[in-house]
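Asks: The following feature annotations were taken from TrEMBL:
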{"type": "BINDING", "residues": "Gly607, Pro608, Asn609, Met610, Ser611, Gly612, Lys613, Ser614", "note": "ATP binding site"}
{"type": "DOMAIN", "residues": "681-697", "note": "domain 'DNA mismatch repair proteins mutS family'"}
{"type": "REGION", "residues": "818-857", "note": "region 'Disordered'"}
{"type": "COMPBIAS", "residues": "825-835", "note": "compositional bias 'Acidic residues'"}
Amino acid sequence: MSADGIVGEFLALKSETDADLLAMQCGDFYEFFAEDAEFVGDELDLKVSEKSSHGSTYPMAGVPVDDLTPYLKALVERGYRVAVADQYETEDGHAREITRVVTPGTLLETTDPAAQFLATITRVDGRYGLALADVTTGEFLVTTATAESDVVAECHRFDPVEVVPGPTVDADLLDQIREGTDATVTDHDDSAFAPGRAERTLREQFGEAALDSVGLDDRAGVAAAGALLTYVEETGVGVLDAMTRLRAYDTDDHLNLDATTQRNLELTETMHGGSDGSLLGTIDHTVTSAGRRRLREWLTRPSRNRAVIDRRLDSVAAFTEAALARDRVREILDDAYDLERLAARATSGSADASDLLAVRETLALLPALAEAIEDSRLADSPLADIVADPDREAAASLRAELDEALAEDPPGTVTEGGLIRRGYDAELDDLLDRYESAQEWLDNLAGREKERTGITHLQVDRNKTDGYYIQVGKSETGAVPDDYREIKTLKNSRRYTTEELDDREREVLRLEEARGELEYDLFTELRERVAAHADLLQAVGRTLATVDALASLATHAASQDWCRPAVVEPGPLVVEAGRHPVVETTTDFVPNDVDLREDRGFLLVTGPNMSGKSTYMRQAALIVLLAQAGSFVPARSATVGVVDGIYTRVGALDELAGGRSTFMVEMSELSNILHSATEDSLVVLDEVGRGTATYDGISIAWATTEYIHNEIGCKCLFATHYHELTALADHLPRVENVHVAVAGDGDDEDITFLRTIEDGPTDRSYGVHVADLAGVPSPVVDRSRDVLDRLREDRAIEARGAESGGETKQAVFDLSSGGFREGSEAEPTESDGGELDPATESVLDELEGTSVAETSPVDLMARVREWQERLEEGEK
Ligand code: ADP
C-alpha cells in the first residue's frame with residue numbers, strides 16, 4: 001500500500017471516531033500519523049519521523065505492537081481517549097478496523113489500586129440519574145436525585161475519572177463536578193440515554209428478574225445505567241460479563257457530605273493534596289488494595305442506618321478483643337490478590353497464566369480465613385456471617401480445577417508453552433510424550449554418532465538459521481560418514497545434517513507448534529470458565545476486602561486506644577475526652593469533651609487564634625463521621641446520635657486563583673449549608689464573615705446564628721472571633737458558649753493555650769493581644785486598642801428569637817457597651833443619644849429584612865457595601 005494510502009486510511013479511520021487520538025496497527029507497529037504523531041511525540045517523548053508520499057510528508061510515530069499498553073495507559077491517564085485500530089488478514093491482503101477506544105473510565109490496564117469510576121449522568125422528568133461503574137472490578141451502582149447539589153456531592157465522593165453526560169445535563173453541573181475531580185468529560189452518543197433503549201440494554205444484561213429485584217422504577221436511573229452499559233460496550237473493553245450486578249442505592253442511605261466538607265475534613269487527601277495526613281492515610285492498616293478501597297468507601301460514604309453501623313461496630317469490637325485471631329486474619333489476607341480485578345481481566349480475555357494462578361492462590365485463602373474466624377473468639381461475631389457469604393463449595397471446586405490445570409510455575413506469556421499441568425488433558429499428554437521422546441533422541445544423538453563415526457569433536461546443537469545440526473571439528477572432517485550433508489563451514493569446524501535429523505527436526509517443530517496451540521486453547525477455555533465465575537470471584541473478593549477493612553479499623557482502634565461509640569437515633573453528641581484522630585498521632589493531644597444535646601445543640605466556640613478552636617470542631621465532626629462509618633472513635637466514651645449530613649465551612653481557603661474572591665467562596669459555602677442542612681444535620685462553621693469589614697462580618701455571623709438556631713434547628717458548632725456574638729447565648733435558648741481555656745492574665749505576655757474547652761464565653765477578644773505577642777511594634781498595638789474602642793461606638797444589632805412556637809425573644813446588642821438590652825423593637829435607647837438618624841434606621845430595616853439564605857453572595861456583598869456607604873453618609 002502506498003504511503004498516501006496508509007496515511008489516507010489513517011485519516012479516514014480517525015474521522016470515524018470521536019476519540020482524541022488513533023493508534024493504527026501497521027504490521028509489527030502501532031503508528032500515529034499527522035497531528036496525532038506530533039502530539040504523542042510531545043506528550044510521550046516518542047521519536048517522530050517523516051513519512052513521505054506524493055510530494056507531501058507526514059509526521060509519523062510508532063510503538064512496537066507488544067509495547068502499546070504502557071503508552072496507552074500514559075495517554076489515557078492524562079485524560080485522552082485513544083482509539084486502537086487493529087490489522088487483520090483478509091482474502092486479498094489485510095484490512096484495519098477500530099476495535100477499541102481506550103478511555104480514562106474504561107482503562108483495564110491500570111496499575112493504580114484505587115477505584116476507577118466511570119460515571120454517566122442524565123436528567124429525565126426533572127430527576128437526575130447517576131450511574132457509576134468501575135470496569136476493573138465490575139462494580140456497578142446507580143442512584144437518582146432531585147437536587148443538583150446531590151449529584152455533585154456524589155460525584156465528589158466517588159471521584160470518577162470519566163464522566164459521560166446525557167443531552168439533558170447542563171454545562172454548569174459539569175463545571176461543578178470538575179471542580180472537585182480530575183474527571184475527563186466525554187460527549188457520547190445521546191441516543192444511548194433514551195430511557196426506552198436504556199431499559200432494553202439493562203434487560204439484556206441482567207435479565208428480567210434481576211432488574212425487577214433492583215426495582216429501577218425511576219426512569220432517570222434506568223437511562224443513566226443503560227447508557228453506561230452501552231458506552232462500556234462501545235469502547236470494546238470487553239468486560240460487560242464482569243458487570244454481574246447492578247446495585248441501586250438511595251443517597252439517603254448515606255451521610256450527606258458535600259464536596260467542601262469532604263475537602264475540609266481531609267478525609268482522603270489533605271488540603272495540600274496527598275493522602276499522608278488525611279484521615280484515610282492515618283487510620284489505614286489494610287493489607288490489600290481491595291481492603292483499602294472498601295475503607296475509603298466507608299469513610300467517604302458513612303451510613304445513616306443504625307443496623308449497618310452496629311453490625312460493623314460489632315465486628316470491629318470482636319477484632320479488637322481478639323488480637324491473636326486478628327493478626328492471623330491479616331497474615332492470611334496479606335497473601336490475597338485483587339480478585340474483583342482479576343475477574344474483570346478474565347472476562348475481558350486479558351488475564352494471563354499468572355493472573356489465573358493469583359485467582360487460585362486467593363481462592364485457597366478462603367477456607368483458611370473462615371477457619372481463623374470460626375475457630376477463634378471471632379466465631380460469634382458478624383465476621384462469621386461475612387465469611388459464610390460466598391459460596392465456599394463453588395470456590396473450592398474452581399480452585400481445584402485451576403490446581404489440576406495450571407502448571408506449578410507457568411511462564412509469563414500464554415503462547416510460550418508450559419502453562420498446563422500433565423494429566424489435565426490426554427491429547428496434550430500424548431503430544432508431550434512424543435515431544436519428549438523426539439527430544440531424547442536428539443539429546444542422545446551426539447553420543448550415538450561419536451560411537452558410530454569415532455569422531456571425538458562432535459556436538460549436536462540448534463540455532464535459528466541452521467535449525468538442528470551436527471558440528472565436527474576441522475581436523476576430523478575427513479572422518480564424516482557419507483550420509484552427512486554439509487550445510488555450513490566455519491573457521492574451525494563444519495556443520496552437517498542428515499536425512500533422519502531433518503525428519504526429527506520437522507517433527508519437533510510440528511510438535512512444538514501443536515503443543516503451543518493446544519495449550520493456548522486449553523488456557524483460553526480455562527480462562528473462560530474462570531470468567532463464567534466472575535460473580536463468585538467478586539463475592540469472595542468483597543468478603544476479603546470487608547474483613548480487611550474491619551481488621552484495619554480494629555488495628556487502629558487498639559493501637560490508639562479508641563472506644564466503641566454508642567450510636568443512637570436520634571440523639572445527642574456527647575463525647576468524653578475526645579481527640580482529633582489525625583492530630584493525636586503527631587502531638588501530645590489535650591483531650592476535650594463535646595456536649596451537644598437538646599437544650600444546648602448550638603455551641604459558640606470562642607478563644608484566641610491558634611488556641612485550638614478548629615481542631616476541636618473538626619474533631620467533633622470526625623468522631624461523628626467515624627462512628628457512622630462503623631469505626632471506633634478517639635475518645636474515652638462517646639454517644640453519637642445519627643446525623644443525616646455533616647456540613648462544614650472551615651478556614652479561609654484561598655481560591656483567588658480560581659477567579660473567585662475568598663469572601664465570595666465563604667459566602668457561597670455558607671449559602672449551600674443554609675440551603676442543605678436539616679434538623680438532623682451537624683453544621684460546623686469556623687468563622688463566618690471574616691473576609692469582609694467587621695460590621696458586615698458581625699451582621700452576617702449574627703444572622704446566620706439566628707437562622708440556624710431558629711429555622712434549621714440542627715446541631716451546630718460555630719467558632720467565631722467576634723467576641724460580641726457570645727451574648728446571643730442569653731437570648732437564644734439552645735445556644736451555649738464554650739471557650740478554649742487560656743492560662744495567665746490576658747495582658748501578660750506569657751499566656752498559654754491550655755487547649756481545654758470550658759463552658760462559658762471567652763472573657764475578651766484577643767486579636768490585639770495576639771498582634772502584641774507576634775511582636776507588632778507597641779505604638780501600633782496601643783493605637784489598635786484605641787481604634788478598637790472607638791469602633792465600638794453607638795452601633796446596635798437586634799437579636800431575633802424564633803418566631804414560631806413560644807415567646808418571641810427580642811434583644812438589642814449594644815456594641816458600644818458590649819452589653820445586651822431587652823426590647824421588643826430596635827428602639828432608640830439612651831445610649832444611642834435618644835434617636836437614630838434616618839439613614840441608620842433604614843439600613844437596619846433592610847438588614848433585618850434580608851434573608852441570608854435567599855440572597856446570593858454577590859447581592860449580599862453589594863447590599864452590605866451600599867449600607868456602609870449610606871451609614872457613612874448619615875454620619876456626616
Ligand atoms: P484555632 O482554630 O483556634 O486558630 P487550631 O485548631 O488551628 O486553632 O489549632 C492551633 C494549633 O493547636 C494546631 O497546631 C493544633 O495542632 C494545636 N492543637 C489544637 N488543639 C489541640 C489539643 N487539644 N491538643 C494539642 N494541640 C492542639
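Each Cβ is built from the backbone N, Cα and C atoms, and glycine gets one as well.
Give me the structural setting of these features: burial, nearby parts and distances.
Replies: All protein chains shown were included, and the count of other CB atoms within 10 Å of the CB of Gly607 (ATP binding site) stands at 26.
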Asks: Please check the binding-site residues Pro608, Ser611, Lys613, Ser614 against ligand 1 and give me the ones with CB under 6 A, sequence order.
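Replies: Near the molecule: Ser611, Lys613, Ser614.
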Asks: Here the binding-site residues are Asn609, Lys613; which one has the lowest number of other Cβ atoms no more than 10 Å from its Cβ?
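Replies: Comparing Cβ neighbours within 10 Å for the binding-site residues Asn609, Lys613, Asn609 has the fewest.
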Asks: If you count, for each of the binding-site residues Ser611, Ser614, the other Cβ atoms lying within 10 Å of its Cβ, which residue has the minimum?
Replies: Ser614
Asks: Count the other Cβ atoms sitting within 10 Å of the Cβ of Pro608 (ATP binding site), across every protein chain shown.
Replies: 22
Asks: For Asn609 (ATP binding site), name the DSSP secondary structure in the helix/strand/coil scheme.
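Replies: Assignment for Asn609 (ATP binding site) reads coil.
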Asks: Can you give the mean pLDDT for the domain 'DNA mismatch repair proteins mutS family' (681-697), rounded to a whole number?
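Replies: Mean per-residue confidence for the domain 'DNA mismatch repair proteins mutS family' (681-697): 81 out of 100.
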Asks: Across all the protein chains here, work out how many other Cβ atoms are within 10 Å of the Cβ of Gly612 (ATP binding site).
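Replies: Within a 10 Å radius of the Cβ of Gly612 (ATP binding site) lie 24 other Cβ atoms.
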Asks: Other than Gly607, Pro608, Asn609, Met610, Ser611, Gly612, Lys613, Ser614, which residues of the chain come within 8 Å of the ATP site, judged by Cβ distance to the Cβ centroid of those residues?
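Replies: Output for this site, in sequence order: Ala719, Val740, Phe753.
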